[in-house]
């Protein structure tokens, strides 16, 4: 297959994924329109929540477009390329924020079973969000272990091994989420899934900085950015306990994350 045909197929594949995502979000909001309308009337600060989360979504869209555009400008495209893997992370995170906004608006209008279903859906997206970054991390980890395990120098073996490891991690985390019986228990599981993944990502970018790898981005700034994002996620439950499930809580954590993702974008932007 020629490079041009591969590029066209990748573009169509991404476009189809985006269309499916948009349709899914549209259906989610359309089916629950009456609940959302009712929530906006009773939810103090609901409009401000929409504005802040929308700003976050806009920033994520800009980053996603930048990364995929950078990927398609390359002479050849591979699914293991850094811009693609990072672009995939931000694209999934963008759709995740639409679910977050939906949850913020209608949280108090749903019964426990429906809340549990929505939260599980969001957590599945989180699992798939961090998967591309973990996959990227394995490349650097294996690079460091090549001298001890010569088999890792075989690119075909390494790619297959990485894929199997990712499938195993995603599979185990998905089973844990599926088996979560209540909203509270599932919510308690999130830090055990997200924080280790983010800690690994921080270490990987730090390692890339030390080894002078991943030259298409700025690993030092990304290390700082994802470290701040990890700290933000650690303190988020504490903020929720202090402020409660209120508009103030949502606005504060979203503004903090907006600032953090601007730092991350600085780490991604490189001519």
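Even glycines carry a Cβ here, placed using N, Cα and C.
Here's what TrEMBL has on this protein:
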TRANSMEM  12-29  transmembrane segment
TRANSMEM  49-72  transmembrane segment
TRANSMEM  84-109  transmembrane segment
TRANSMEM  121-143  transmembrane segment
TRANSMEM  164-183  transmembrane segment
TRANSMEM  189-209  transmembrane segment
TRANSMEM  221-243  transmembrane segment
TRANSMEM  249-269  transmembrane segment
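Within the same chain, residues 36, 68, 91, 95, 98-99, 102 sit at least 6 positions outside the transmembrane segment (12-29) and bring their C-beta atoms closer than 8 Å to a C-beta of that stretch.
Ranked by Cβ pairs under 8 Å to the transmembrane segment (189-209), the stretches 121-143, 221-243, 249-269 are led by 121-143.
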